[in-house]
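Have a look at the structure below before the remarks.
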DNA sequence: ATCAGAAATGCAATGTTATAACATTGCATG
DNA sequence: CATGCAATGTTATAACATTGCATTTCTGAT
């Protein structure tokens, strides 16, 4: 079971000490910079700062929260400043966007052999990136039968994280439903 | 294979003739009204009009597009008019929201025995609602292992529909990836 | 060194999606 | 008639994202 699970959910550790970091943030940033360079792209100061904020966050972060933080150092920063940096980082596969919540999260996978499953906690914005062969192959089969083709290698699932399980309510899962059919 | 597949992707048919409708829209609306009534809720004129627009649309619809249509008959309509109707319809399980695209779509399932898979086409906004035991059980297993709990009975997958397959480009699915790990 | 072109950034405005806050209407019931 | 309550109307604003254009910075060629 190829389950490279990274727990991004522990907000209480000091910088550079989160257990999912095999080395410090600075080293990770340097590696990211090298990777960009190798692809003919450049991890400029702004981009690096945005990526650093994401590396240091245990949860997904909203664009305007990033903007607020970037503004501390660069008062002139505006929405495009951040969105452009994010676009670049996403292109470089250094960051993922969680579409359903408009959240951005640094990629902590060493590689993407398999499309990733993103478990997004609707309570705390925690994001867990999984690579699950079993789910993906079942999904591929169903998609193929339906004549569809997976568009992005990222599948988002709204699921309460272990910490937040406890208050959820799930209506609409019962036997009634649409008026059609 | 419990695959209640409904094809919502055929925009070219006249009202009340889409093949996935076993009966006409009016009858479906009447049935929806009865279902609401049975639950002590009421499908008022505004709500019914919004639902009707969704029944007649083969694709997901944006809230402000609904608003524009509603305004034709009710010039005073404003965003809350539509959002309140949508909230109600979602509560009544008559409508689903596709979170990742801010799209609303009428529910065409007779019942929700199993959480639904929504295949959302990023090109044309077409939505196909599937109920796939195999995918869901694989998913449940993985979620349980990760200590998570599925939050909503709706799982959205971005997948090109049969008509739109052809132009897609999928970078980021290769062997590189994050700078961490 | 310096110049041209490309890439990145600054900046203002605007577009899009969604909700807050408060007032009003209309109807059922006692 | 008064009261209560659900629904709706109305205005404003919050939250998220993009466009367009001017300016600066970087890079490579001469």
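Heads up, the Cβ atoms here are built off N, Cα and C, so glycines get one too.
Annotation comment: TrEMBL describes B:1-10 as compositional bias 'Polar residues'.
Positions annotated as region 'Disordered' by TrEMBL: B:1-22.
Feature annotation from TrEMBL assigns Zn(2+) binding site to B:121, B:124, B:161, B:164. Cβ neighbours within 10 Å of residue B:164 (Zn(2+) binding site), excluding its own Cβ and spanning all shown chains: 18.
Each of the binding-site residues B:121, B:124, B:161 was scored by how many other Cβ atoms lie within 10 Å of its Cβ, and the smallest score goes to B:124.
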